[in-house]
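Undergrad: One structure is given below, represented as structure tokens, and several questions about it will come after.
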Amino acid sequence: MQKLKQQVFEANMDLPRYGLVTFTWGNVSAIDRERGLVVIKPSGVAYETMKADDMVVVDMSGKVVEGKYRPSSDTATHLELYRRYPSLGGIVHTHSTHATAWAPAGLAIPALGTTHADYFFGDIPCTRGLSEEEVQGEYELNTGKVIIETLGDAEPLHTPGIVVYQHGPFAWGKDAHDAVHNAVVMEEVAKMAWIARSINPQLNHIDSFLMNKHFMRKHGPNAYYGQK
């Protein structure tokens, strides 16, 4: 697990590097599907002092199997998403300013241009709010459930992020670094959408044919963007 712990540590350290977190906010995890184990950031540990060996290993029930710290308070959310979506290899939660701003607004981040379409096939959805019973019960688990309720049976790697109402963004990917990459993009397109709609409040969504072209040339079966 040492290699995965190092990857998760590096991905967590990318959060302050890319300006996605303040203080100890945010967390990144990754899963070893063969062993059924998840590596995740420890709860409340400062990035400045954190080391790879501080990463916490939990099983799919959330039981700590390796590590001296408690795992992230959002661990149950991560585990619920891993259980539901086998294609996920890494998950990240941040409170990055612009993506988080859409959470109290209760709005999806609209697909307005090709930067968005290069990564997200359509709007980045916003979940419904959790009920008082859901919050007072297994809050973090129910956060995962409301994300799944919103995504449904859609391929999560086609929409690799979501805004949880009144909370903030979650993003995911094939591994921990891919998840952070998508979180960075999510922050940028959230900012772009806010600026664009400020300039032109009547701005329409990106044309569907342009959306399809940009997403499929990077992620479709005949993708040709980048090098092989």
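Glycine residues also receive a Cβ, built from the backbone N, Cα and C atoms like all the rest.
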Undergrad: According to Swiss-Prot, H93, H95, H167 bind Zn(2+); which one of D74, D118, D123, D153 is listed for that same site?
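TA: Answer per Swiss-Prot: D74.
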Undergrad: Only counting partners 6 or more residues apart, tell me which same-chain residues put their Cβ under 8 Å from the Cβ of H95 (Zn(2+) binding site).
TA: V21, T22, W25, G26, G168, P169
Undergrad: Taking every protein chain in this structure into account, which of the recorded positions D74, D118 has the most other Cβ atoms within 10 Å of its Cβ?
TA: D74
Undergrad: Where does N27 (substrate binding site) sit by DSSP, helix, strand or coil?
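TA: In the DSSP reduction, N27 (substrate binding site) maps to strand.
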Undergrad: Across all protein chains in the structure, which of the binding-site residues H93, H167 has the highest Cβ count within 10 Å?
TA: H93
